[in-house]
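According to TrEMBL:
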ACT_SITE  Glu432  active site, proton acceptor
BINDING   Thr150, Gly189  FAD binding site
DOMAIN    24-144  domain 'Acyl-coenzyme A oxidase N-terminal'
DOMAIN    286-447  domain 'Acyl-CoA oxidase C-alpha1'
DOMAIN    487-665  domain 'Acyl-CoA oxidase C-terminal'
Amino acid sequence: MPNRCIKEGDNPDLTKERKTCTFDTDELTANLYGSRNNMERRREITKKISADPDFADPIPHDFLSREKCIEATAKKTKAVVQRGSEFCDVTNYYEMLHLINEAIGIGGYPLALHYGMFLPALEGQAEKELTDDIIPRAKNLEVIGAYAQTEMGHGTNLRELETTATYDKATQEFIINTPTRSAMKWWPGNLGKMSNYAVVTCQLFIDGRKIGPHNFLVQLRCEKTHEPLPGIIVGDIGPKMAFDTNDNGFLALDNIRVPRKNMLMKHAKVSPDGVYTPPMHAKLNYGTMVYVRAHMLYAHGQFLATAAIVATRYSAVRRQGRIEHGVPEVQILDYQTQQHRIFPQIARAYAIIFTYMDIKDQYDAMIKGIAEGQTDLLPDLHAITSGLKSVVTHMAGLGIEQCRMACGGHGYSDASGLPKLYGVQIGGCTYEGENMVMLQQTARYLMKAVASALQGKPLSHSVAYFGKKSSGKSRIGKEGGDIAREHEAMLEALEHAACRLSVEASQMWEKRGRGGETKERAWNGVTVEMNRAARVHTRVFMARSFHRRVTSSPPSIRPVLTDLLSLYLHYECVDMAHHLLEDGFCSGEQIRYLKSRLYEDLTTLRPNAVSLVDSFDQSDRELNSVLGRRDGNVYEALYQWARKSELNYTDVLPAVQKYVMPMMEENRSKL
Ligand SMILES: CCCCCCCCCC/C=C\C/C=C/C(=O)SCCNC(=O)CCNC(=O)[C@H](O)C(C)(C)COP(=O)(O)OP(=O)(O)OC[C@H]1O[C@@H](n2cnc3c(N)ncnc32)[C@H](O)[C@@H]1OP(=O)(O)O
Ligand SMILES: Cc1cc2nc3c(=O)[nH]c(=O)nc-3n(C[C@H](O)[C@H](O)[C@H](O)COP(=O)(O)OP(=O)(O)OC[C@H]3O[C@@H](n4cnc5c(N)ncnc54)[C@H](O)[C@@H]3O)c2cc1C
């Protein structure tokens, strides 16, 4: 079967792997990106960008200072903006995303938050009077914006943000102020140096009454000189774990006046005479966060895919040690431990991307509903995106780190691309709502679902399975080798565990309440259990999404995806075996059966491993990894990469000349 990656001159081990492929890699790629046309369009973009001198990096960013990286990124950003339509349909979200990944990379760029949050916030939350003015200019990139919500002292607990917006009826303006040091906005991406506007989250005050957090458009810098406006202090927060090319910023506002219309008033409103009208749903103002949490799934699925590609290809190329005496050294991909480390990451990357597809459909349906005045889909989507954001970012982070370690010493080098990838990706556990906090949002929703289920009330989409009757004992290992029924048995077992954990967490919560604790204090005493229930529920949702996609996939790729799904489900059940065992739903024998099936899956998938990662269709530019390159010619490339280190510009470094050589000389003369 064809793997389209085979080319002359490639590493022979990689070619050998590609020849054992049992499916058409293009079919799988097309399925992953929605259609053959989408796949072709991605490839055209890659080809054009790779050949374009505006996007060439004579010196890899690994060897540049942060300032130089930002300069190079800003230059490429300008080229993307001015010449974007030469490469793609700039109105197509996925084409633009791919163009940016190819042309600029993942470490941040001047417009990341402009497109990622500033524009979505304005489009989703601002009223016509404001949007008519600012959105055309923002889309035309006459202005650049950031989303400034988090403060030095508060990020999670939005209710206690300190920045104030006080309505002045006399002038029909809001006065925006940073009252304390801890009230400074701190962290917002692109706020420090790039943006001249921001959506700023402030506590709204009317007639001395605190109403709560609302968003306001504030101009930060002069449109001509880009200097901060009077009363505005703004800058970069300094080096951080990754996102080197993003100017995460600080901001202090000294009683800045903005007109009434600058409040984002699509949902909540303040009339000219200062009358406040709340939104039709209390949390519609938090809509931008739901949007980003949903879209983060795609980005994080792709991050994990990158790591899986690098680790799988490199493991096919790398030979080290022998499994049996008297035979040549083996490809490290032949070690069972290596497969057990890497293959679940391949399956998880597919599962995350497929889950994203489901969520995107739900998000679009919710937005359509809101436009027609219905908010009933919001609570379910908020609950499941909160859980998914937490589980996926954590899962992807652990997976990337596994892949990095699976590459041995070279995985520790920036040449592998994996340390930087991890640095960027792992930020997702914190931003857009810290994971422990987001899981509690899911758990709150589960507690309501438990109550509804007990009362026989209708259950919404993500928790519908709470209404199923459990069979009491698992069918795992008792389906006579019927794969479809085995998959169903595993899904049923996971659903049983998620439901049980939710019910038990609810009972623990209630018990503490009966013991005299307030609801809130009691909640804090059971949050570990609450978050555990939320995690398992979310993993059930992912498993169901993956299962749905696989069972409805075209017949040509269904067998390989079914193998991958088997691995995914076996791995998930073994990983969560304690939950399946705890109440006796599964027996120890059934868990041993699951493990043995998992080891069989590793062997089954081995001939398709390289082709499965090839099917993610990430280019060498996107991978940005010497170890993961498509042609597998790793060792020569590793040497050429190291040669570019600035330490190698001279044979004798000034630091050696100045300190180390005299020290050695002194020591010698002491003898
Ligand atoms: C182009 C697309 C983008 C691609 C993605 C790539 C991303 C680009 C990379 C850039 C990198 C980084 C960008 C980062 C940006 C940021 O981090 S912005 C700042 C994000 N900050 C947060 O997420 C703060 C987290 N805190 C909160 O969300 C809330 O404060 C919290 C939910 C924790 C609690 O809020 P409270 O007001 O106290 O509410 P609570 O009492 O708990 O709940 C009341 C009620 O409301 C429901 N609820 C809460 N939030 C929402 C929501 N967003 N939507 C709907 N409903 C919500 C909650 O469930 C409760 O419901 P109930 O029925 O009363 O139980
Ligand atoms: C790379 C990056 C980019 C960012 N970009 C932006 C941006 O563009 N715009 C913006 O406004 N912000 C941005 N942020 C800020 C980000 O949204 C916040 O850091 C995040 O929401 C977490 O808030 P915090 O920092 O206040 O953490 P804290 O809330 O102080 O969390 C610290 C610890 O306390 C725990 N904790 C807090 N509350 C609870 C609770 N209720 N229950 C249990 N545990 C709790 C947390 O779980 C965590 O372990 C960015 C952050 C990063 C790292």
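Any Cβ shown, glycine's included, is placed from N, Cα and C.
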For the recorded positions Gly189, Glu432, which one has the sparsest Cβ surroundings, going by other Cβ atoms within 10 Å?
Glu432
Distance from Thr150 (FAD binding site) back to Glu432 (active site, proton acceptor), taken between C-alpha atoms, in Å:
10
Does anything in the same chain, at least 6 positions from Thr150 (FAD binding site), have a Cβ under 8 Å from its Cβ, and if so what?
Lys185, Trp186, Trp187, Pro188
As a test of reading the model: what is the averaged pLDDT for the domain 'Acyl-coenzyme A oxidase N-terminal' (24-144)?
96
Three-state composition of the domain 'Acyl-coenzyme A oxidase N-terminal' (24-144), taking helix and strand from DSSP:
89 helix, 0 strand, 32 coil
Per DSSP, to which secondary structure element type does Thr150 (FAD binding site) belong, with helix, strand and coil as the options?
coil
